């Protein structure tokens, strides 16, 4: 049975334009061992904001039971979440969903991690786990602008890291695909998370390879009951086969679902 826990905020700060890093501690953090999973956060106990907010897991410190969450404060709920201070508690449901398959890559092989915007955070925990497994990691991160970018130094400590910004204020001007076109990157497995247009480009480029995408989607319940986050299965002409992003995903092999 999925359970919730009121976790205590140990650190909460803005790390980029509209991007916040929140660290919390709780007993259930020890169960959050699969990179790519997410948690559902209840912003407050009032009746005004009923739905929980899905936030991807950025990092887990198993020794201290500390969970790191990165999110963009853009809606009413996340803006209110951004006002919470150290010492306060937040109601968290999780871990939820299916994470990135670590078994898809062997020790000594190279993983290519491709992230865009708020799809970057879950790749950090993935990169750390891959590094601990003995894999090599290459990171390609995309942002709108330098002021929106974050965690470059953290990713760089784990492997070669490239950055692309739409306005050219940091790294390569353009999208992550521009970096992929310019650099002769050698890899064995691809893991990606980001906005749908980026995932479409990644899927078209790496179809038929060992490649996996994590989808960003608004979710109602987070446990597969409300059917608010379904996506169709590739090749289903009748359109009756689907996957629930919250429980079957958010991670899928490239080509399995329609983007």
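Quick reminder: no glycine exception, Cβ is built from N, Cα and C everywhere.
Keep in mind it's a predicted model, so treat the numbers as computed, not measured.
As written in Swiss-Prot, here are the features:
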BINDING   53, 54, 55, 56, 70, 71, 72, 77, 78  FAD binding site
BINDING   221, 226, 229, 246  [2Fe-2S] cluster binding site
DOMAIN    2-102  domain 'FAD-binding FR-type'
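Overlay of Swiss-Prot annotations on the structure.
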{"residue": "53", "record": "FAD binding site", "DSSP class": "strand"}
{"residue": "70", "record": "FAD binding site", "DSSP class": "strand"}
{"residue": "78", "record": "FAD binding site", "DSSP class": "helix"}
{"residue": "229", "record": "[2Fe-2S] cluster binding site", "DSSP class": "coil"}
{"residue": "246", "record": "[2Fe-2S] cluster binding site", "DSSP class": "coil"}
Tell me the Cα distance separating residue 229 ([2Fe-2S] cluster binding site) from residue 70 (FAD binding site), rounded to the nearest angstrom. 21
Any idea what the Cα distance is from residue 55 (FAD binding site) over to residue 246 ([2Fe-2S] cluster binding site), rounded to a whole Å? 12
Sequence-distant neighbours of residue 53 (FAD binding site) in its chain (C-beta under 8 A, six or more apart): 40, 41, 43, 71, 77, 78, 81
Between residue 246 ([2Fe-2S] cluster binding site) and residue 72 (FAD binding site), how far is it from one CA atom to the other, in Å? 19
Between residue 229 ([2Fe-2S] cluster binding site) and residue 72 (FAD binding site): CA-CA distance (Å): 20
How many other Cβ atoms sit within 10 Å of the Cβ of residue 72 (FAD binding site)? 17
